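Student: One structure is given below, represented as structure tokens, and several questions about it will come after.
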């Protein structure tokens, strides 16, 4: 009996030790995850900090210590970059091309994906496979035929030509993205709209497209990032200075001026600012779209 009574406290202590060790492991994992997140955040913000800090320095100061804060900010660097880039015009050109591409791609891709998902026929499956195959084609393969097509259509050095080119290149991914989202949406609402007398166009505009709002916001960010940061298509399809985009303006600044990092980086900062504003405006919709997609 004495042996049994002596062993009971040690047996009861085992679960407590297990609970304590479990808490310790959870704390260690939490601290480790937090430390990794902080490290990744700092690694992400460090290049942005260096770019902004160096852009406010003179050429000599930027060579001495690029990590130090500018003691005497050189705002004239941004004034010079603003003038050299013809910033208002280049931003307006980029907004026209980016906005036109986003609207055309979203409209055509959502209609195509809706038809592919809802009207399952042999030809729709073939069309979807063609769109998916288009994801594997790099842009360098289609540059020459794309230029020849635009030349024959007399669309070189025009907004419409660049918008059509970008829309054609972004359409496969947009159709693939929308089709995956639409497969998670039940068709009962569309069937109810058809019973109420809505035609195909009214069903699309009043039922289908509002349901695609989270996916559309997420896709819009991808399209804006791709078009805004691209240099190849504007460089090939645009030749007039009054139609140059932000990336073309930066490229022209590099090619026509002797520059240092303190002169180049302000042009890059100015080029990124509109993207930052767009992301702030669409941020909550993007997060909602990702949450909806992951939840479904």
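From the backbone N, Cα and C atoms, a Cβ is placed for every residue, glycine too.
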Student: Per TrEMBL, which of 7-29, 30-52 is transmembrane segment?
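Tutor: Spelled out, TrEMBL records transmembrane segment over residues 30-52, not the other listed ranges.
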Student: Can you tell me which recorded stretch out of 30-52, 95-116, 159-182, 203-228 has the most Cβ pairs within less than 8 Å of the transmembrane segment (128-147)?
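Tutor: Selected stretch: 159-182, with the most Cβ pairs under 8 Å.
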